[in-house]
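Step one of this worksheet: look at the structure below.
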Amino acid sequence: MPQPSSPSIAALSLADLPGRDVAVRHLRHPGRWISGGIVVLLLALIGHAFAVGQIQWLVVGQFLTAGVIITGFGWTLLISACALVLGVALGFAFGIMRLSENPILRFAAWLYVWIFRGTPVLLQLLIWFNIALVFPRLYIPGLVDERMVDVVTPFVAAVLGLGVNEGSYLTEVVRGGIGSVDSGQKEAAHTLGMTPGQTMRRIILPQTLRLILPVLGNSAIGMLKFSSLAATIAMGEMLNAAQRIYFINGAVIELLFVCAVWYLAGTTILSIGQYYLERHFGRDAATATSERRWFRGWARRPAVEGEA
Amino acid sequence: MNLAIKAVGIRKSFGNHEVLKGLDLEVAYGEVLCILGPSGSGKSTFLRCINHLETPNGGYVWVDGAIMGYELSRGALQELPIKKLRAQQSQLGMVFQHFNLFAHRTVLGNVIEGPMVVRGLSRAKAEAHAMDLLEQVGMAGKASSYPSQLSGGQKQRVAIARSLAMEPRVMLFDEPTSALDPELVGEVLEVMRNLARGGTTMIVVTHEIGFAREVADRVVVMIDGEIRETGAPGQVLSNPADPRVRSFLSRVLA
Ligand SMILES: Nc1ncnc2c1ncn2[C@@H]1O[C@H](COP(=O)(O)OP(=O)(O)OP(=O)(O)O)[C@@H](O)[C@H]1O
Ligand SMILES: [Mg+2]
């Protein structure tokens, strides 16, 4: 009995087979064209709405490179960088403490994470900024004796607030990273006679760093954005600068758009940097040498296709 | 006979599970000792107690004039600070079943790590010595490769060179070929055979009966945390006295 479903296939006899260079016609994908067309249309509508909306694009362009904004962006970058460094340092310090044999150190690290991960970062910023209400003087015998308001400037409060908060997240990240380095690495180091400190510094931490590099990249991007919270404590970073301008000239949306452009520029550059750093360190070493060569020369090469 | 290692009454429990039930063992300098035994009999644990990767619950290990991890003071064993323990551990080379090469270091970097960090050698000296050792295990050509670029047999040969770089008094091997594809076992055993010929003192936990028969000066069979049989390979492997050893050997030799 013939199979009713495949008569046409069965009908192709060997004698009718085409040559090896036979042309191939691909399926058309009308669905893709339609959905793509709809999205393009929507984008065009949104773009048009903003173009004809009540935005003075000239003002946006004008303030994009205004001195106050550029200076503010400089502060934004500085706060983010300092807070990130502080956060990473605290993350590693407390992450190692979390795995200490000493239960008191473990508890202290747990307490740090509990408090600073458990409260909003904006609240923490405000507390740091107003810390002088609790401790009017910063007094360390023989080292410092100053009024707290002179020490904890808005800049210092911003860096402390953002950095200490970030550190509480990174503590958990570092703890997980150390935990996922194979325990055989530690044992091998011990049988060579390396002390716990040497093992940590030379064997465990370098491998941890590679594991958590993607998270650190995200931290850097997040930090750049969170630094805008410092505007609330009178720190003259970019958002604060923009606010001071629009309180005077009333161009609210225009100045907020200026900020958006700069934040996007910053996060884009960081994403690209993250991509190359991960290429460099993050993967297994199988292709490490060739990639390293590539990394050194990447500035001279055309952009890679695909990601980034 | 010049003793290298003397283990006295080694006991080890994990929770309620007594894995080692008071083991005694002596190894002389230049001797090659193979430890055989069924899976779970405590061979790895015994080896790890010898170099204090695990701290025994009872008994002690004497290595060339000192007790591992302790010093004798007023008739009791006083625990040593970690730095002194590590110095003692570096006198025993350890080769692991799963190689445990440092993943972020090249082959050469793996071999010079111990000499530079622990023994304080200059990089130039450490590298010269390391290249000699890599030559010896046939891995000099891969000095700048990373572990992930090597086959299992190559990794294990590098791991052996890394241990030798510390110039240990005794080499401990924990099933060095068990994680290897069959065709890669030979190259590692060959390196170990050469070490034995060169007079290296070795304790080898292995399932390679052929290697034990050919290379070992003495064979020990462990069952359920006890040493049930010890003697020359010819005698232990072909004519064991203990019935449980006989049944174990008949299974692995079959
Ligand atoms: N860290 C540990 N915690 C709990 N139990 C353990 C631990 N290490 C080993 N054991 C137990 O001790 C017993 C002996 O283990 P060991 O690894 O020494 O055996 P082995 O003779 O080396 O076996 P194999 O030939 O499979 O390697 C096993 O029952 C194992 O489950
Ligand atoms: Mg074992």
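Using N, Cα and C of the backbone, Cβ positions are placed for all residues, glycine too.
Listed in TrEMBL:
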type	residues	note
DOMAIN	A:73-274	domain 'ABC transmembrane type-1'
TRANSMEM	A:33-53	transmembrane segment
TRANSMEM	A:73-97	transmembrane segment
TRANSMEM	A:109-131	transmembrane segment
TRANSMEM	A:151-170	transmembrane segment
TRANSMEM	A:211-233	transmembrane segment
TRANSMEM	A:245-265	transmembrane segment
Find the member of A:109-131, A:151-170, A:245-265 that has more C-beta pairs under 8 Å to the transmembrane segment (A:211-233) than any other listed stretch.
-> A:151-170
Folded-back contacts onto the transmembrane segment (A:33-53), same chain, C-beta under 8 angstroms, at least six residues removed = none
Going through A:73-97, A:151-170, A:245-265 one by one, which has the most CB pairs that fall under 8 Å from the transmembrane segment (A:109-131)?
-> A:151-170
